[in-house]
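Enquirer: The structure under discussion is supplied below as structure tokens; questions concerning it will follow.
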Amino acid sequence: MDGLGGGPKRGAPWKRMSKEELENQYSPSRWVVRLGAEEALRTYSQIGNEAGPEVPQVHLPHFIGEEVTKRAQATGRNLLDVPYGDGEAEKLDIYFPEAVSEALPFLVFFHGGYWQSGSKDSSAFMVSPLTAQGVAVVIVAYDIAPKGTLDQMVDQVTQSIVFVQKQYPGNQGIYLCGHSAGAHLAAMMLLANWTEHGVTPNLKGFFLVSGIYDLEPVMHTSENAPLLTTLEDAQRNSPQWRLKTAPTQPVDPACRILVTVGQHDSPEFHRQSREFYQTLRRGGWKASFEELHDVDHFEILWNLTQKDYVLTQIILKTVFRES
């Protein structure tokens, strides 16, 4: 089949794909290995509290995000629905270790869901293993599409980080973590102009999990329907494109960035992750790349409930090496 646009088959690999293949590449549920596609969607929908009647009820062998979050909330060592801005969705949850001090490392998490589903109320996967080791965890809500635009989401994520820094100025480091679309939002913080916000957050690390860093291919899939992303929107909100065309120097050269992808993520997710890692390295960022063995796009996140999971351990080792 002809590539998108009918032009010569050159440039980025996705430009040589048919619309059907591009849709396939950017549909993570089609690449799961243990759950069927419908079951994966149902599980992820429940995680995002977006389950629809068109998805059949099935048995779920994995933790459900809502259940994990309820357990984390039940400990009582938290502040829930804390406003970080004036908007209805501009709220965050903060989960504290048992021994609370003024100088804690904070991991700030941004959920995925293709910028159009997902919720902070079903995203507390990493809370238990991290708070048990002395890390405070912040789960951020933002306006998803179609109500929220990409520009608005990026601004809200920026506001949430400014809020954490101002509320806890004695922190031992702020570490950003995002999954899928959340990884994109976290990566956009590499480009933030903090002087506009009157505070420079104490950013020590980024954990970018199965993310999308060039939004242009997504424009040509059904995922763009609620986003209505134009080429200008995609470029402005693509950390890959912006870092390649106008390299930004690291504010803190010691800040660590881990770009990670699941073994069973699609080839396009692999390509995006590896190319973003390479762009970071060329720009002088302290970046590393990890392909996590035998996990798909969803399991790479769900497994953060486990203290011995490789990504959980990487996060903890990074936090306590730096703090």
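Including glycine, each Cβ sits where the backbone N, Cα and C put it.
Heads up, TrEMBL stuff is auto-annotated, nobody curated it.
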Enquirer: Choose the correct range: of 11-15, 81-85, 111-115, 171-175, which one does TrEMBL annotate as motif 'HGGXW'? Give that range.
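Expert: The listed stretch tagged motif 'HGGXW' in TrEMBL is 111-115.
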Enquirer: Which residue range, 1-20, 261-280, is the one TrEMBL calls region 'Disordered'?
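Expert: In TrEMBL, residues 1-20 carry the label region 'Disordered'.
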Enquirer: With every protein chain in view, how many other Cβ atoms are within 10 Å of the Cβ of Asp265 (active site)?
Expert: 25
Enquirer: Only counting partners 6 or more residues apart, tell me which same-chain residues put their Cβ under 8 Å from the Cβ of Ser180 (active site, nucleophile).
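Expert: Non-local contacts for Ser180 (active site, nucleophile): Pro28, Gly112, Gly113, Tyr114, Val209, Ser210, Gly211, Ile212, His297, Leu301.
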